Ligand SMILES: Nc1ncnc2c1ncn2[C@@H]1O[C@H](COP(=O)(O)OP(=O)(O)OP(=O)(O)O)[C@@H](O)[C@H]1O
């Protein structure tokens with residue numbers, strides 16, 4: 001690696017520096033492949049997007065924002081953007097590999113489409129840790145959902161998809177975006193919001209990990225909105241008291257009443273279940 005011309009200096013990468021391998025997945029605008037840097041043999045995931053497709057979809061600004069934000073975030077639970085470059089018709093993103101792909105797929109394939117509490121607690125902790133790092137760096141994710149989280153070969157989460165994220169340095173923002181089921185009440189009502197929208201989304205995510213579907217899901221959009229506004233949430237009987245306590249503290253209508261991400265990481269249900277998860281893993285070895 002140290003012999004590489006890119007080591008320690010600005011280097012203009014080009015497609016010739018890399019070899020593409022098996023496809024890892026496909027999104028609306030990107031195709032993702034296993035890739036190898038020729039000189040060092042370093043393996044990573046290469047996401048390739050066609051400029052014409054981005055233009056047609058009107059998402060150029062979103063992609064640029066994603067690149068700008070993701071390239072400065074360096075955290076164990078945030079997918080690293082190692083470098084990026086472009087040629088006349090494509091944009092290339094060199095990303096770290098998350099070999100087990102979308103968390104969504106794993107959730108759907110679990111018995112009852114839900115995770116046991118120890119596994120859910122471990123993931124909740126890792127997302128809280130990543131979001132806390134984002135907030136400290138003045139970034140709101142705003143689009144948390146199992147489809148935007150990837151899983152590594154050693155079962156750790158990587159937050160991806162910063163296309164809807166925003167800097168928090170300016171005033172509170174009013175843009176309406178994000179997935180319907182995960183929208184916090186202040187966004188449904190078109191009010192201003194701040195980084196505590198991510199705490200709300202983490203509450204929805206933890207619920208979905210444990211129950212298999214988000215709490216306000218319904219057949220029509222209006223009904224979902226109504227449920228969110230009324231905080232009409234039902235907990236299945238099988239949920240533990242601790243998990244219900246955590247979710248209720250995150251899904252608070254007044255954004256200032258939501259517990260902090262640090263409080264999530266130290267919540268007794270999270271701690272106890274993470275310990276159980278580690279113990280289970282140790283026994284499997
Ligand atoms: N770093 C990575 N490591 C392993 N697999 C990846 C990686 N990045 C993406 N993938 C796989 O490729 C798929 C497509 O990723 P991509 O980022 O293009 O789309 P997306 O943003 O998830 O989807 P959409 O564009 O439809 O919202 C993902 O669903 C995932 O399965």
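Using the three backbone atoms N, Cα and C, a Cβ is placed for every residue, glycine included.
TrEMBL entries are annotated by machine, without manual review.
Since we're looking at a predicted model, the values are computed, not measured.
With 28, 47, 96, 97, 98, 147, 148 listed by TrEMBL as binding ATP, the candidate from 17, 87, 129, 161 annotated for that site turns out to be 161.
In the three-state DSSP reading, residue 147 (ATP binding site) counts as helix. When every Cα pair among 28, 47, 96, 97, 98, 147, 148, 161 is compared, the largest distance found for this ATP site is 20 Å. For ligand 1, no neighbouring recorded positions occur among 143, 145, 148, by Cβ distance under 6 Å. The recorded positions under consideration are 28, 47, 145. Their Cβ neighbour counts within 10 Å are lowest for 28.
Distance between Cα atoms for residue 97 (ATP binding site) and residue 145 (SUMO2 cross-link): 19 Å, as a whole number. Residue 47 (ATP binding site) carries a strand DSSP state (E or B).
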